[in-house]
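Trainee: These came from TrEMBL, pasted as-is:
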- 12-292: domain 'ABC transmembrane type-1' (DOMAIN)
- 327-541: domain 'ABC transporter' (DOMAIN)
- 12-39: transmembrane segment (TRANSMEM)
- 51-76: transmembrane segment (TRANSMEM)
- 122-143: transmembrane segment (TRANSMEM)
- 149-169: transmembrane segment (TRANSMEM)
- 242-259: transmembrane segment (TRANSMEM)
Amino acid sequence: MNLIYFLLRSSWGMVAIAIVTGFLSGGSSAGLIALISSAATRSSTSPLTSIAWGFVGLVIVALITSIVSQVMLIRLSQNAILQLRMRLGRQILASELSHLEQLGNPRLLATLTEDVQAVANAVYVIPFLCIDLAMVLGCLLYITWLSWLVFLIVVSLIVVGIGSCQWLLNRGGKLLALAREDQDVLFKHFRTITEGVKELKLNYQRRQVFLTKHLQSTATKFRRHNVDGLTLFATTTSWGKLLFFFAMGFLLFALPYLLTISPQTLSGYILTFTYLMLPMDNIVTNLPQLGKANVALQKIESLGLSLASRAEVSTVPPTFKSYWHSLQLKGITHTYRTYQEDSNFILGPIDLTLYPQELVFIVGGNGSGKSSLAKLIAGLYIPENGEIWFDKELINQHNREWYRQHFSVVFSDFYLFEELLGLENTNLDTQAKNYLQQLQLDHKVKVENGQFSTTALSQGQRKRLALLTAYLEDRPIYLFDEWAADQDPVFKEIFYTQLLPELRERGKTVLAISHDDRYFHLADRIVKLEYGKVEFDKQYL
C-alpha cells in the first residue's frame, strides 16, 4: 500500500476536489508566468491595463484554489491518519490474544508509534507537494505553448530523472526496510532496559554484555542500514537538483545556438524555470520522507494482514446471565508455540465442569499450564480442539464476546486502569469508597467521578485496586491468578479466609490459581495440573 492509495481509501470525493482545485491553482500560476513574460517584453506603446486586470484575476484564482486544495488535503490527510490509528487499535483488540502474544509488544509498539508517526510526517507535507506538483504541471503547459520541441526535451529529462531517481529510491527503500526490522529488535532491547534496570544495575557483567553484545550490535546495524538508505535518498535529492539545473543551463546556453528563439520566448523559458526552482526543490527534498512513509505503510499493512488473519468476530454482547447451571470444558487443548518447533507446550485435553457458587483452587507447579487454562476458561484463548459449553450453549465465534462478559479476572500480569471504565452505576463512588475501606486502602486512595486519585502504589496495593474494579463489575464468575502472591501475610489471610468466602456467599463462582497450600482446605474443589494435564479434580479432604 502506498501513500496515494492510503489517501484515496480515506475519501475519493475529497481527493477529487483537491485535485481539481490543485490543477486550477497550477494553471493559474502558469498563466501568471505568461502574463509576467508578456508584460516584461511588451512594447512601450502597449497598454498595461488588460494585462494588469488579468494578473489580478489570476492571482485571486491561484490564491483561492491553492487555499481550498491545501485545506481539503490537510483535512483528508489528517482524517486518514485518524482512521489508521483507530483501525490499528480495533484490529489489535479484535485479534486473538495468543496471536498478539506471539507478535510481541515490541513489534506492536513500534508500529503504533514509529510507523504511524512516519506516515503522519509524510502525510503532513502531501498537501504542499500537491500544490507544487500542480505548479510544475502548469509550467510544463506553458512551455508546451511556447515550443513543442522544448517541451519534448524537458519531458525527456523528466523521464530520465524519474527513472534514475526511482531506482535510487527503491534501493534506499530496501535498506530502510532492513533498518525497520532492526528497530523492532531495538524496541525489545529498550523494553529490557526499562523493565530490567534494577537487575542490570546490580550485575556489572550482565550490563556490559547486554550493552555491547545486544544493544550496541543492533543499534549499529540500525545505524548502518539507515545511513546507507538515507545516503541513497540524499543522492536522489542532489541528482534531481542536478538534472533541473542541467535543463536550465541547456535552455539558457545551448538551445539559442540550436534553434532560432525570440527574446520573448527565451525570457519566458528563463522566467518559467526560475519560478520552478522552489516547487521542484520542495518535491525532490521531500522524496526521502515519502520513501520512509512507504516502508512504514508496508509494515503497518503486514501487521494489519497478520491481525486480520487471526481476527475474532466482533459482536455487541447481550446482558450476561446472572444465574447459570454449569460451565463445561470438553476435551479442549491449547498449544503454546515457541521458536523451537520441538519444544511447543500442549495443554490438554482438559475435561472440567464448573458450577455456580463454588470455590475452586487451580494448583500445580510452575509451567504446568494454570494461567493458560485460566485464559481458556475466560474465553481469551480459543481452544484448538474440544468444546466449551455454558449451560446449553456451545461457545463459538458468534457468542464468545457475550461469554467473556461473565468473568471478572485479575491476572498475575494485570493492567490497572486509572479510571473505572465501563462502569456506570449511579452510586459508583460510594461503592468504591466502601470497597476501599474493606481492602484497607481508604487512607491512600480516593475515588472521585470514577477515577482513582493515584495508582502509584506497591504491587500488592495495586492488586487490591484491581480487585476493587472486579468487585464493581459484579459478574457471576471471578478468576484470580496468584492474586495473593504480592500480599503481606495479614492481608493474604484476609483474602483467603474472608474475601473469597464472601464472594461465594454472594452467589459467585470463584476460581483461584494458588500455591498457598495452607489455605487449600477452604476450597470446595482442588484441580491440580501437571505438565498440561489434569492430575486430579476432587474435593479437598
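Backbone N, Cα and C define each Cβ position, glycine as well.
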Trainee: Cβ pairs under 8 Å with the transmembrane segment (149-169): which stretch of 51-76, 122-143, 242-259 has the most?
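Mentor: Result: 242-259.
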Trainee: State the residues, same chain only, that lie 6 or more residues beyond the ends of the transmembrane segment (122-143) and have a CB under 8 A from a CB inside it; answer 'none' if no residue qualifies.
Mentor: 3, 6-7, 18-19, 22-23, 25-31, 33-34, 66, 69-70, 73-74, 77-78, 80-81, 150-151, 154-155, 268-269, 272, 275-276, 278-280, 282-283, 286, 289-290, 292-293
Trainee: Could you give the residue numbers and ranges of same-chain residues that sit at least 6 residues beyond the transmembrane segment (51-76) on either side and whose C-beta is under 8 angstroms from one of its C-beta atoms?
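Mentor: Here the qualifying positions are 7, 10-11, 14-15, 17-18, 21-22, 24-25, 28-29, 31-32, 35-36, 38-39, 42, 126-128, 130-131, 134.
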Trainee: Mean pLDDT, the domain 'ABC transporter' (327-541)?
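Mentor: Taking every residue in the domain 'ABC transporter' (327-541) and averaging pLDDT yields 88.
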